[in-house]
Amino acid sequence: MEMELLRANLTKVRIPEPTNRIYKQECCISFDTPKSEGGLFVDMTTFLAFGKDYVGWNFEKTGNPVYLHIKQTKKPIPEDRPLKKPTRLAIGIDGGFENQESEYDETYSIVILPDYATFPFPSVALPEKVRLAVDAILIAEGAERKEQVASWTADKKQISEHALTLKQIDNGVIIPPSGWKCAKCDKTENLWLNLTDGMILCGRKLWDGSGGNNHAIEHYNETRYPLAVKLGTITSDLEGADVFSYPEDESVTDPLLADHLAFFGIDFSSLQKTEMTTAEKELDQNTNFDWNRIQESGKDVEPLYGPGYTGLTNLGNSCYMAATMQVVFSTHSFCSRYYMNQSLKQAFTIAPADPTVDLNMQLTKLANGLLSGKYSVPAARNDDMANAADSSPNEKQEGIRPRMFKSVIAASHPEFSTMRQQDALEFFLHFIDQVERANAGKPESDPARSFKFGIEERLQCPSGKVAYNKRNDYILSLNIPLEKATNKKELEEFHKLKAQKEAEGTKIESDEIVRPRVPLSDCLDSFSHPEEVQGFYSTALNARTTAIKTAGLTSFPDYLVLHMRKFVMETGWVPKKLDVYVDVDDVIDITHMRSKGLQPGEELLPEEAPGGQEEAAKLLPNDDIVSQLSSMGFNQLHCQKAAINTSNAGVEEAMNWLLSHMDDPDIDAPIDNKAKSNDVDPSKVATLVSFGFDEEIASKALKASGGDIEKATDWIFNPPASSGPTDMDATSSSGPAVDAALPDGAGKYRLIGLVSHMGTSTQCGHYVAHVYKEGRWVIFNDDKVGVSKDPPKDMAYLYFYERIQS
């Protein structure tokens with residue numbers, strides 16, 4: 001009797017505790033959900049969920065036979081349901097974006113493997129333990145929901161630490177209810193009232209020239225008066241007022257705002273709202289993307305479905321991840337590693353007990369979701385949409401929700417676990433680092449290696465002697481030399497027109513704007529172009545001097561990622577986005593960028609100065625660079641390392657290095673300030689030599705291992721990749737220095753992918769990917785996938801090139 005079969009397996013049924021993670025919305029090894037044709041099976045021992053095609057694998061691996069089967073069937077949506085305009089940056093809550101997902105009927109049953117014996121639920125005939133376990137599973141909030149809440153809102157503002165102790169100056173200032181103007185210019189919008197002295201000043205200037213003239217923040221820099229409220233956002237509902245704290249550098253809550261306003265004679269109950277708050281501007285940006293070119297808005301984009309054309313549903317500001325992963329999984333290295341050469345079953349078999357926390361499993365799951373075509377189907381249209389006359393071809397597809405992948409990849413990086421927008425470059429570097437760590441010891445199967453290359457910097461001091469420093473990287477970060485613009489005449493005429501229209505008080509139309517056009521070749525040349533390095537310590541001269549630095553690549557990766565430095569810092573550390581086009585070629589040749597290494601006739605700088613002078617290092621950090629980075633909130637030691645590792649080239653270069661190396665395991669290790677020739681114990685060298693190792697190799701290994709013989713032995717057998725300029729990086733042989741562990745080949749590349757960004761900074765806005773597939777460009781805009789008619793090659797933030805095999 002089947003009920004006896006269930007009773008015989010009661011020991012395999014657990015009643016979940018409040019601390020148990022219960023998965024019931026998505027299969028842990030595929031993107032099947034209760035809405036899928038076969039529904040979802042929840043293991044009543046581990047509370048992991050599996051789709052119909054995969055639950056048998058779990059039974060084979062664990063022997064767990066009892067499952068709760070959940071199946072959802074869509075209900076029809078009433079045709080007369082009104083659609084409301086959102087007023088809050090939120091989903092699924094009052095005033096927010098309407099969660100237009102269909103409603104579903106949900107049915108349950110108990111299933112016992114391997115024969116799929118089925119018992120309906122609810123049923124009084126079921127054993128009490130089973131009924132209690134199922135009730136607890138259904139009542140509990142799913143682990144997926146805890147990690148990725150659908151009803152997300154903009155980060156809740158914190159109460160300012162300055163609000164409760166704010167001292168206001170009784171200077172007789174009374175603020176009128178209207179007619180405000182900046183005290184230092186003619187701006188009448190974007191005005192901020194300083195709550196200490198009552199000064200009304202304009203806000204920050206934005207990258208596109210809009211906004212204010214920075215007078216409010218300049219006033220703070222002069223006076224250190226901490227809080228300001230945006231005029232035009234104050235109404236009888238004070239919670240909606242936009243209060244900004246300059247020391248905390250964020251929007252805050254002032255619980256005493258009514259008193260602080262009354263001090264300057266403001267009766268907030270009579271004020272009408274005239275300005276958008278910061279969050280509402282973000283909402284406006286989310287609902288009305290005004291970036292038609294990158295998203296190819298207004299064009300009839302032919303939707304694409306099938307293998308390799310699967311969209312990624314936005315989890316809430318996750319487009320930076322979606323755009324990056326679409327390009328990454330268009331590369332042969334990642335497709336091979338996580339799709340062609342490893343099946344879902346293989347990954348699940350070797351996964352730990354909880355496959356939801358295993359990066360290898362979740363990458364294989366993501367690869368199958370993106371590349372198999374199983375989930376690349378048109379989204380089911382609601383009845384009211386299906387009956388509508390409009391049958392636009394720009395349809396969404398069902399796509400997949402990469403929740404578990406995001407949870408795993410963000411586990412070691414708290415910023416990526418938030419719902420905030422992130423920098424796609426920073427995410428790419430973090431992702432590659434995690435993949436490399438997961439494949440440690442198996443370089444032949446590490447797909448991250450396909451992006452890795454060596455950089456060699458040559459430093460020449462006035463003595464004529466040289467030093468060579470090497471490091472490895474995954475991206476080539478390029479400055480955009482605006483002085484190389486090819487349309488200078490048009491720019492000159494545009495600036496004249498702009499000045500004329502400003503004088504007339506008229507507005508420049510969007511089709512009149514002219515932007516600089518800089519060839520990619522000039523950006524690449526700027527990387528290798530000689531530049532001066534101030535404060536370089538020359539051991540040949542035993543003094544600080546100015547050195548000339550040039551750079552080149554010691555190897556050419558399978559995939560070359562170019563990062564365009566479109567975001568720069570203006571005076572006062574206001575971020576500015578360069579409004580520029582970069583003219584890129586589909587095929588580039590960087591053969592000329594290969595480093596030549598130590599050349600015949602060149603002489604290396606000695607390791608220590610004549611006469612035994614012991615200088616801390618060849619290069620000490622530039623104090624100005626360190627102090628400026630420190631003032632931005634970065635760790636002092638990290639700032640010093642950033643300056644050293646970029647040869648004191650400048651603040652922007654140091655900041656880019658810092659952002660790319662925040663996760664380095666040795667980032668907090670102290671800088672070695674010892675002289676470099678006499679810091680090895682001769683007895684330890686002799687010990688290693690007695691093991692049969694070469695004396696020079698033994699010395700280098702001990703230097704690299706802090707004098708630890710055991711670590712030095714391990715270093716000899718497994719030398720790590722260079723992480724920065726050290727004395728071991730000095731090239732001591734003629735010809736280019738090549739790391740045999742890095743991929744290498746010809747220097748000719750073809751463009752295969754773009755990640756483009758829209759918005760004022762990398763922490764806001766929207767990211768879109770374009771990928772060259774099967775002879776055509778394809779746009780990946782979250783869950784929208786289609787044929788690209790005009791890929792924005794001149795506007796991308798990241799360019800992905802694939803080496804052309806000779």
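Including glycine, each Cβ sits where the backbone N, Cα and C put it.
TrEMBL annotations: computationally assigned, not manually curated.
On a predicted model such as this, the values are computed, not experimentally measured, just so you know.
The following features are taken from TrEMBL:
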- 158-268: domain 'UBP-type' (DOMAIN)
- Cys182, Cys185, Cys202, His215: Zn(2+) binding site (BINDING)
- 310-804: domain 'USP' (DOMAIN)
- Cys319: active site, nucleophile (ACT_SITE)
- 620-661: domain 'UBA' (DOMAIN)
- 679-719: domain 'UBA' (DOMAIN)
- His766: active site, proton acceptor (ACT_SITE)
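Ranking the binding-site residues Cys185, Cys202 by other CB atoms within 10 A of the CB puts Cys185 at the bottom. If you measure from the Cα atom of His215 (Zn(2+) binding site) to that of the residue listed as 'active site, proton acceptor', you get 29 Å.
Between the C-alpha atoms of Cys185 (Zn(2+) binding site) and Cys319 (active site, nucleophile), the distance comes to 39 Å.
Of all the recorded positions given, namely Cys182, Cys202, Cys319, those whose Cα is no farther than the 10 Å limit from the Cα of the residue listed as 'active site, proton acceptor' are Cys319. With respect to their backbone Cα atoms, Cys182 (Zn(2+) binding site) and the residue listed as 'active site, nucleophile' stand 37 Å from each other. Calculated from their C-alpha atoms, the gap between Cys319 (active site, nucleophile) and Cys202 (Zn(2+) binding site) amounts to 32 Å. Regional average pLDDT for the domain 'UBP-type' (158-268) in the model is 86. Neighbour count (other Cβ atoms within 10 Å of the Cβ, all protein chains): 25 for the residue listed as 'active site, nucleophile'. Other residues of the same chain near the Zn(2+) site, with their Cβ within 8 Å of the Cβ centroid of Cys182, Cys185, Cys202, His215, are Ala183, Lys184, Asp186, Lys187, Leu191, Leu201, Gly212, Asn213, Ala216. The Cβ neighbour count for His215 (Zn(2+) binding site), using a 10 Å radius and every protein chain shown, is 22.
Here the domain 'UBA' (620-661) has, by DSSP, the following mix of helix, strand and coil residues: 29 helix, 0 strand, 13 coil.
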